[in-house]
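Participant: Please read through the structure below; I'll follow up with questions.
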Amino acid sequence: MVALLCSASLCGDISVGDACLVSNIKAKCRDNLVTGGLKFHALKIGSRKKHWRRKSMRCSVVSMKSSDFSGSMIRKSSKPDLSSSEEVTRGLKSFPDTDSSFSYFKSVAGNLNLVHTTETCNYMLEALRVDGKLEEMAYVFDLMQKRIIKRDTNTYLTIFKSLSVKGGLKQAPYALRKMREFGFVLNAYSYNGLIHLLLKSRFCTEAMEVYRRMILEGFRPSLQTYSSLMVGLGKRRDIDSVMGLLKEMETLGLKPNVYTFTICIRVLGRAGKINEAYEILKRMDDEGCGPDVVTYTVLIDALCTARKLDCAKEVFEKMKTGRHKPDRVTYITLLDRFSDNRDLDSVKQFWSEMEKDGHVPDVVTFTILVDALCKAGNFGEAFDTLDVMRDQGILPNLHTYNTLICGLLRVHRLDDALELFGNMESLGVKPTAYTYIVFIDYYGKSGDSVSALETFEKMKTKGIAPNIVACNASLYSLAKAGRDREAKQIFYGLKDIGLVPDSVTYNMMMKCYSKVGEIDEAIKLLSEMMENGCEPDVIVVNSLINTLYKADRVDEAWKMFMRMKEMKLKPTVVTYNTLLAGLGKNGKIQEAIELFEGMVQKGCPPNTITFNTLFDCLCKNDEVTLALKMLFKMMDMGCVPDVFTYNTIIFGLVKNGQVKEAMCFFHQMKKLVYPDFVTLCTLLPGVVKASLIEDAYKIITNFLYNCADQPANLFWEDLIGSILAEAGIDNAVSFSERLVANGICRDGDSILVPIIRYSCKHNNVSGARTLFEKFTKDLGVQPKLPTYNLLIGGLLEADMIEIAQDVFLQVKSTGCIPDVATYNFLLDAYGKSGKIDELFELYKEMSTHECEANTITHNIVISGLVKAGNVDDALDLYYDLMSDRDFSPTACTYGPLIDGLSKSGRLYEAKQLFEGMLDYGCRPNCAIYNILINGFGKAGEADAACALFKRMVKEGVRPDLKTYSVLVDCLCMVGRVDEGLHYFKELKESGLNPDVVCYNLIINGLGKSHRLEEALVLFNEMKTSRGITPDLYTYNSLILNLGIAGMVEEAGKIYNEIQRAGLEPNVFTFNALIRGYSLSGKPEHAYAVYQTMVTGGFSPNTGTYEQLPNRA
C-alpha cells in the first residue's frame, strides 16, 4: 500500500498537480494522506485546493502494509494540532477492522505531537470489546493510566461489559476482582478516580469497598479522596465511618487540612454531636491548622440545627473579635437558621450587624427576612419589606414571592395567597412549576383533592410543563382521597410529557391503589418500578407489607418480606413491627417470639414500639406472664417502657382475671410513668367488675388529685362507657353513684349520659327511665338537653310514645328549651305511627317556640304525610318550602314523594319530580333510582326501568343489591327472563353478594318460564357456593313451578327438604303440591296432601279447593 505523508512544517515546493500525480500511485489501494497528524483520503485532495494553495508542503511516498504503522512514519510537527483528538477518532473509525484501528491507535500513542484523549481511548475500548480482545483492552487501559488520561464512567462500564459484569458502576467492587484477573491493574490515580465516580453516582457503600481494596493493595488515597468519602458518608449520617477515615488517613501519613476538619465538624454538627465538633475545633488550634471563616460558618450552621442558638451567637461574637470576620455566607447562614427557629429579634439584630460590616442586603437576604417575618406572623411588615426592596433598587424575585405565598398558606390565608399569585405577572415575575406545586401541596394536605387537580391542570394550560415534583404533589392529594382514576391518568401520562416516575411517584401510586383496595395493582407497580431501574426504598415495601396484612393476605406479606433481600433492602424496625403486629393479630405467638429474636440477631435492635407490639400480641393471647418476663428483658436492652407498655400489660392482667395483680402493677407504674386516661379505662372496668368499688374509687380520686385541671365531660362519658361495657349496669351504677354523691364528678350529667345510652342500647328503656329519675331526684343531677334527647329517643324507639311525651313536658317545665333534635324525635314517631294531627300540632309549636325547623324536620313531616296516604298534602308542603330560598331539599326530601307518587300510579309526576332534582342542586342517589325503577317495574314498564338503570350507571351512581333485585323482578314479571338473568350475573360480577330475596326472584322467574333446570342449578348454587339458606318462599316457588311442569316427584323432594330444613310449610305450600298432583292426573296424591294439610292444623283457603280434582 502507498501512503502520502506530508508535513506543513517541512517547507518544500509542490504543486497541486504534482500532489494529484503522486496520489494516483496505486489508486486502487486505500491511500491515506496524513498532514500534521490529520488524515485525508487521497481521492479527496482535489476538494481541498484552496487549503493546499496556501501552504507549501514536503511529501514523501512510502510503500508499506496497512498494518505497518510506526511512530517514525509520522513526521514530527513543531506545533501540536489542538483538533487532533477529533481527527484521531475519525481516523480510528475509518478502518474496516479492529486490528487496523488498534495499530493506528498504537502509532498515534508513539507520536509525541499527538495526544490520546478519553474519547479516543473509550472508542478503542468499545471496538475491542465488541471483538472480545481483552488483552488489547488492558493495553489501552494501562496507557490511559500511564499518560494520565481521564478514566470516566464509560471507560469502566465498557470494561465491565467485556468481563460480563452486569449492574453498572455499582458493581465496581466485584468487577475489580475480575479486572485484575484479566490484566486490568489499577494504579493509585485510577483508584482515586473510581472512588470519585462512585461517590458522584451516590454509591457510597461501594466507594468504601473500593477504598478498602485500595488500602489492601498498598496504595495511599489522596487527601481529596478522603475528603470526598467523608462528605459522602456525612450525607448518610455515618459518623463512625467519617471519624474512622480521619484516623486512617493519619496512620498513612496524610495530615488533615482545614477542609478535612471542616467536613468533620459539619458531619458531627448535623448529627447533633456538638461536643465532638468542638473537640475537632480545639484540635485544629492545637495542630496549628487554624479554622477559617468557612469552618466557623459550618459550626454556626450545626449549632443552629441543634437549636443551640446561644452557642451559635457566641461563635459569631468570637468571629467578630477574631481575625476571621463573618462574610456574606456567614450572615446568610445566621439569618436563615434563626428565621427557621422563628427568632425574629435575632434576625433583625444580625441584619443590623451585616449592614455595619459593609455587606449590602441583596435579594437573597431580603427573601430570608420576608420568610422570618412570615414565620413570626408579621405579614404586614413582610409586605412592607417588598416596598423597601424596590426603594433600594432590589426587585423581589420569584423565590421572594414563593416564600411569601408559602407563609400565607402556612397560616391558611388561602385567599391572600391566591391574590398575590394572581398579581405576580403584573409585578414582572412569572410563576414557575414550583409556585403551582406550593398550592397543589397545600390543597392535597388540606384534603381538597379537587382544587389540587384543578391547579395541576391550570399549570399545564399556562404552558408550564409539570415536573416530577408537581406530578408527585398531585398524586399525593389524589392518593389521600383514594381517587385512583385521576391518579392513573397523571401516572400513565408522565411518558407523554417526557417524565420518568421516581420512587416518590411509585410510592404515591401504590398508596392510592392500597387505599381503594387494589392491592394487586400495587404489587404490579412494585415490579414495574424495579424493572425500570427505580429502586424501591424500604418505606414503600413496609407500606406494601402493611397493606397486604390489613387485607388478610398474610402469605403474600411474608413473601414480600422475603423478597427484601433480593431487592437489596435491609428490613427496618418498622418492617419487623408490622410483621409482629400481623402475627399478634392472628394469634401466632411462637412465630412472633422467633421473629423478635431474629431481628436482634440480624442487627436490628427493637425499639419501644417493637416491645409494645409484642406485649400486645402476648396479652391478647393470654400470655401475660411471658409479657412480664419480656418487660424485664426490655429494660435490660436499654429500651424505656412508656405509658403504652404499662397499659398493654395492665390490659393483659385484667383480661386474665388477675385484677389485684393489675392494681399492684398500676401502683408500680406510677413510680416511673404517670398513668393516662387509657390506663384508667383499661384498669377500672376490671376493678369494678370484680366488685372492688372502694379500690376503684381510690384510684380515680388519686388520679384526679394529681391532675392540674378537672377532666372534661368527655372523660367521664368514655370512662363510664368502658366500665359499663365490661362490668355491666349494676356495678357501674354503684360506682357512678359513689362518684356523684361524693362530688368527685362535679357534672353528674356526663356520667348519666353513658348509663342512659347503655340501657337503651340493651333494650332496657324502662330501666333507663328509672335510673334517670334516681340520679336526678335522689342525687341531684341536673340533666342537660342532650340527656333528655337521649332518653326521649330511646323511649320512642321502644314505642313508648306517651312516656316520651311526659319527658318532653318535663323538659319544658325544668326551663330547658327543646331544640330541633327534640322535636324531630317526636315528629318522626308521630309520622311513623300515623298520628298526623299530633305531627302537625307539634310542627306548628316549633315555630311558636322560636325553634327553627331544619331540612330534617321538613323531610320527617313530608315522609309522615306520604306514609299516611296524604301524597298531595306532602307535595303542597314541598312546593311551599321550595318558595322559601332558605330551604335546600335533599335526597330524603324527594325519596318519600317519588315513592308515594309511584305507588299511587302517578309515574309521570314522579319522573318529573326526579328530573327537577338537579335544578335544586340535589343529585339523585342510589335509593332514589331504586324507588323510581321499582315504580316503573311494578307498572310493567320494563324498558323505562332499564333505561333508568343505564342512566344511573352513566352518571356514576353505583347500583346496589336492591337495584339489581328490583330490576330482575320487573324483567321476570314481563317474561324477559334472559335479561333478568343477565343482570343477576352482572350483580355477582360487580362484587355484590345476592341475598335470598334476589335468588328467589330469579329462581321464580326461571320457574315460570319453564326453565326449571336452570332454576334448580341456582337453587343448589345459593345453598352450596353462597351459603345462603333458602326460605319458605324459595321452596314454595319451586314446588309450584315443578308441579305445573308435571315434575311432581321433584316437587315432592323439595317438600321433603322443607321438613329437613326445619321449616314449617304453610297453606301455599300445600296448595302448590295439590295443584301439581291435580295437573299430573294424580287425584289420590292431591287428596292425600289435602288430608295431611287438614290433620296438620292448616285451614284450607279458596285456592285449596280450586286446585282439588273434584273442582276441576
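Cβ atoms here come from the backbone N, Cα and C positions, even for glycine.
Pulled the feature table from Swiss-Prot, pasting it below:
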- 327-361: repeat 'PPR 7' (REPEAT)
- 397-431: repeat 'PPR 9' (REPEAT)
- 432-466: repeat 'PPR 10' (REPEAT)
- 537-571: repeat 'PPR 13' (REPEAT)
- 572-606: repeat 'PPR 14' (REPEAT)
- 607-641: repeat 'PPR 15' (REPEAT)
- 642-672: repeat 'PPR 16' (REPEAT)
- 712-746: repeat 'PPR 18' (REPEAT)
- 890-924: repeat 'PPR 23' (REPEAT)
- 925-959: repeat 'PPR 24' (REPEAT)
- 960-994: repeat 'PPR 25' (REPEAT)
- 1031-1065: repeat 'PPR 27' (REPEAT)
- 1-62: transit peptide (TRANSIT)
Participant: Could you put numbers on the helix, strand and coil content of the repeat 'PPR 24' (925-959), residue by residue per DSSP?
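Facilitator: Tallying H, G and I as helix, E and B as strand, the rest coil: 26 helix, 0 strand, 9 coil.
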Participant: Which bits of the chain, at least 6 residues beyond where the repeat 'PPR 24' (925-959) starts or stops, bring a Cβ under 8 A of a Cβ in it?
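Facilitator: Here the qualifying positions are 891, 894-895, 898-899, 901-903, 905, 907, 910-911, 914, 917, 966-967, 969-971, 973-974, 976, 979, 983, 990.
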Participant: In the same chain, which residue numbers or ranges, 6 or more beyond the ends of the repeat 'PPR 23' (890-924), come under 8 angstroms Cβ to Cβ?
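Facilitator: Same-chain residues near the repeat 'PPR 23' (890-924) but 6 or more away: 855-856, 858-859, 862-863, 866-867, 871, 874-875, 878, 882, 931-932, 934-936, 938-939, 941, 952, 955, 957.
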Participant: Using Cβ atoms and a strict cutoff of less than 8 Å, what residues sit near the repeat 'PPR 25' (960-994) while being 6 or more residues removed from its termini?
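Facilitator: Distant Cβ neighbours of the repeat 'PPR 25' (960-994) are 926-927, 929-930, 933-934, 936-938, 940, 942, 945-946, 949, 952, 1001-1002, 1004-1006, 1008-1009, 1011, 1014, 1022, 1026, 1028.
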Participant: Sequence-remote contacts (6 or more beyond its ends) of the repeat 'PPR 15' (607-641), Cβ cut-off under 8 Å?
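Facilitator: Those are 573, 576-577, 580-581, 583-585, 587, 589, 592-593, 596, 599, 648-649, 651-653, 655-656, 658, 672-673, in sequence order.
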Participant: Checking distant contacts: for the repeat 'PPR 7' (327-361), what same-chain residues at least six beyond its ends satisfy Cβ-Cβ under 8 A?
Facilitator: 293-294, 296-297, 300-301, 304-305, 307, 309, 312-313, 316, 319-320, 368-369, 371-373, 375-376, 378, 392, 394
Participant: Please report, as numbers and ranges, the same-chain residues at least 6 past the borders of the repeat 'PPR 18' (712-746) whose CB is under 8 Å from any CB of it.
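Facilitator: Contacts of the repeat 'PPR 18' (712-746) (Cβ under 8 Å, skipping residues fewer than 6 from its ends): 677, 680-681, 684-686, 688-689, 691, 693, 696-697, 700-701, 704, 753-755, 757-759, 762, 764, 767, 771, 775, 779, 781.
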Participant: State the mean pLDDT for the repeat 'PPR 13' (537-571).
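Facilitator: Mean model confidence (pLDDT) across the repeat 'PPR 13' (537-571) is 83.
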